[in-house]
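Some features that TrEMBL has for this protein:
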- Y87, K89, Y106, D113, D295: alpha-D-glucoside binding site (BINDING)
- 198-212: compositional bias 'Basic and acidic residues' (COMPBIAS)
- 345-358: compositional bias 'Basic and acidic residues' (COMPBIAS)
- 359-378: compositional bias 'Acidic residues' (COMPBIAS)
- 400-410: compositional bias 'Basic and acidic residues' (COMPBIAS)
- C83-C115: disulfide bond (DISULFID)
- 198-234: region 'Disordered' (REGION)
- 345-410: region 'Disordered' (REGION)
Amino acid sequence: TSGHRSGTYGWKKRWVESKHRPDYGKFQLTAGKFYGDKEKDKGLQTSEDAKFYALSTRFEPFSNENETLVVQFSVKHEQGIDCGGGYVKLFPDTLNQEDMHSESEYYVMFGPDICGFGNNKVQVILRYQGKYHENNKAIKCRINKDTHLYTLIIRPNATYEVKIDNQQVAAGDLEDDWDFLPPRKIKDPYARKPRKWDERLQIEDPEDKKPEDWEDFEYIPDPDAKKPDDWNEEMDGEWEGPLIPNLNYQGQWKPRIIDNPNYQGEWIHPEIDNPKYKPDPTICHYYNISVLGLDLWQVKSGSIFDNFLLTNDEEFAEEVGNKTWGIRKDVETQWRELYEEMEKRKQEEEAKKTKEKEEEREDDIWGIEEEGSEEDSAETPGNDRQMKEDEAESGFLGKNEVRVDEKDEL
């Protein structure tokens, strides 16, 4: 299977927007607010908040029968995603791209899925015999604002591997980590735990006896209480004296606990081969993979998808990852940190200006300023402040030798 990557020219001719819904969100081609290379790092970015997205690209159908299937792409959640998908789907060639939607039949769904604190995972959903199976092994995805590379490898021997940033995060047998097939072993339906099987780790000491003088009454009758002289048992019933706390109360007596000399351990239900289990060497063999799609919902938009790759060569995929994501990652991170610092300074300056304006307004209301000084206070300090701000910003940019072009901001 040959590699298939997105480029920066004529992307709208290769990608089809679904018309299944009239209000799907729009994608745009951009490198975002921070990047390694402004042209090379352009990708498909979600641009509208609280929208469904449905975009796909078609290629020559291929099969992964007796072949390794590698699905790889990068995604950058530069908006600080709070709830939304960042995954791709592989579809059969029967898909009508202009009618693609969330219920369209697909083969593979792979990538990060984030919604709320702590609910961030890598989805690996695979279709088998008409049903979708989610991976049982939890895989955490990355949730910061940097670009990350996601790789899924499905091998013809029914093993798999998931990598993030070219580092393995999960691997194993498809049978073990998805419920494609019935279990190999089941509990013997005819086995029963013996009635006398003793699973008690500790028991009460049968030799331990309560002392005869043990005081286990919390309250006792008051020995000093006397029945009233006018008490009439026929009318008032039998007289009972009031109770008082027992000063010698020792609590409820319990025999001491000892190890059970007859302990047999926890009974384990014996297993037998499952007669319904039959190995299937064709698990996750797909015969007409022909469309890669972005079928998403995002609350806060801004995710940038790039470097889509489908191949049968694991080493080639790793090399492509290193030559795309690998080259950009350090520069992009430095630029992001600088961008965030500049945004922080900008917000602090705006907050400072707002506070000063409020203080000036309060001074005007209370008439604190002296007559004749209004023009000076309205002009000179403001100009001095603006000059200082310009000097501070110029010095900051000069020191870091990176300038953010306002036209690049989305």
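Cβ from N, Cα, C; glycine included.
Shown here: features listed in TrEMBL, placed on the structure.
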residue	record	Cβ neighbours (10 Å)
C83	disulfide bond	14
Y87	alpha-D-glucoside binding site	22
K89	alpha-D-glucoside binding site	25
Y106	alpha-D-glucoside binding site	23
D113	alpha-D-glucoside binding site	19
C115	disulfide bond	15
D295	alpha-D-glucoside binding site	23
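C83 (disulfide bond) sits 14 Å from D295 (alpha-D-glucoside binding site), taking the C-alpha atoms as the reference points.
Summary of the alpha-D-glucoside site environment: with the site residues Y87, K89, Y106, D113, D295 set aside, the chain residues having Cβ atoms within 8 Å of the Cβ mean position are G85, V88, M109, F110, G111, Q123, I125, G293, L294, L296. For Y87 (alpha-D-glucoside binding site) paired with C115 (disulfide bond), the C-alpha to C-alpha distance reads 13 Å. The alpha-D-glucoside site in the record is lined by Y87, K89, Y106, D113, D295, and its two most distant CA atoms lie 17 Å apart. Take the Cα of C115 (disulfide bond) and measure to each of the binding-site residues K89, Y106, D295: the nearest one is D295.
Secondary structure of the region 'Disordered' (198-234), assigned with DSSP and counted as helix (H, G, I), strand (E, B) and coil, comes to 2 helix, 6 strand, 29 coil.
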